[in-house]
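Following: one structure in structure tokens, then a few remarks.
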Amino acid sequence: ADDLTTLRNGTLDRGITPDCTFNEKDIELHVYSRDKRNGIILKKEILKNYDLFQKSQISHQIAILIHGFLSTGNNENFDAMAKALIEIDNFLVISVDWKKGACNAFASTNDVLGYSQAVGNTRHVGKYVADFTKLLVEQYKVPMSNIRLIGHSLGAHTSGFAGKEVQRLKLGKYKEIIGLDPAGPSFLTSKCPDRLCETDAEYVQAIHTSAILGVYYNVGSVDFYVNYGKSQPGCSEPSCSHTKAVKYLTECIKRECCLIGTPWKSYFSTPKSISQCKRDTCVCVGLNAQSYPAKGSFYVPVEKDAPYCHNEGIKL
């Protein structure tokens, strides 16, 4: 998972600035389906030249995953999410691996001097994802209503840039963007054109889990503040809380429980009790959030261990 902790704490390694230069040719696509559970690696150029996707695959819902700083497209948490999407909902999952642009080669040194480069690269990766989406729509006849993006940290903002670009390309809007603890550093005062924003898809869902490494303002149609969005149970490091957003969504995809969000106006107000929840006032985190009418900010109580349920057995 990506780790912005040393950046936020100001404990930068004063070594040589890493080279995290973006090059589209470095991007790989990890493609998962029920008959390719461990994933295959493709390049966009190959997709242009060969009819690789079978009609039976491409007709499914498609989830495009985008990782964050210092991470990879097949990181452990994304791999678990991809397998859950395949198993439960028979998705076609495409994980965008932009590890070089995300400075993954320097992850072992914990050198975050390349963070500003990675931030700049998010726009390039967003354009890449939009161009890939155009290929899916025009060559493979995939409707935009079948495509959702799921991005963690810098990947959340990258998803936003992709959402803006597909609209510029006149493709319409993605069905949904799910922003998993959208990155805070370099985005703390950003306006909509420069970050993930609720207009970037038909529905934008944000799951906030770290006030240190993530943004603490609303960016979506619904914004879930898990455990008040500050830090997470069982986590002593901000990076642990930051990564929990990915794990929470994966458990919600498995549908072992519903993480319920109850309306919450601000950090200084007391959220309503889960026991008072009705389907028209509260929202379940996850792939079905869009089916609930309520929008805005929601407080989500969680337990320390998976599947993290703290919903008093309530069914919405």
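Indices start at 1 and increase along the chain as displayed.
Placed from the backbone N, Cα and C atoms, the Cβ positions cover glycine too.
What Swiss-Prot records for Ser153 is active site, nucleophile. The annotation active site, charge relay system is assigned in Swiss-Prot to Asp181, His242 on the grounds of sequence analysis. Summarising the annotation, Swiss-Prot assigns disulfide bond to Cys20-Cys103, Cys192-Cys197, Cys235-Cys240, Cys257-Cys284, Cys258-Cys309, Cys277-Cys282. Under the heading signal peptide, Swiss-Prot lists 1-4, citing sequence analysis as support.
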Next item on the list: Do me a favour and check the Cα-Cα span between Cys309 (disulfide bond) and the residue listed as 'active site, nucleophile'; whole Å is fine.
Entry: 23
Margin query: Suppose we draw a 10 Å sphere around the Cβ of Cys197 (disulfide bond). How many other Cβ atoms does it contain, all chains included?
Written below: 21
Note to self: Cβ atoms within 10 Å, counted per site: which of Cys277, Cys309 has the most, among these disulfide-bonded residues?
What the structure shows: Cys277
Next item on the list: Inside 10 Å of the Cβ of Asp181 (active site, charge relay system), count up the other Cβ atoms and send me the figure.
Entry: 31
Notebook entry, point to check: Taking Cα-Cα distance, which of the active-site residues Ser153, Asp181, His242 are within 10 Å of Cys284 (disulfide bond)?
Noted result: none
Checklist line | Fewest other Cβ within 10 angstroms of its own Cβ, chosen from the disulfide-bonded residues Cys20, Cys192, Cys235, Cys257, Cys258 | finding: Cys192
Note to self: Using a Cβ cut-off under 8 Å and a sequence separation of 6 or more, which residues in the same chain sit near Cys282 (disulfide bond)?
What the structure shows: Ile260, Gly261, Thr262, Pro263, Ile274, Tyr292, Ala294, Phe298, Leu316
Check: Just checking: which of Ser153, Cys192, Cys235, Cys240, His242 have a Cα that is within 10 Å of the Cα of Asp181 (active site, charge relay system), counting only these recorded positions?
Finding: Ser153, His242
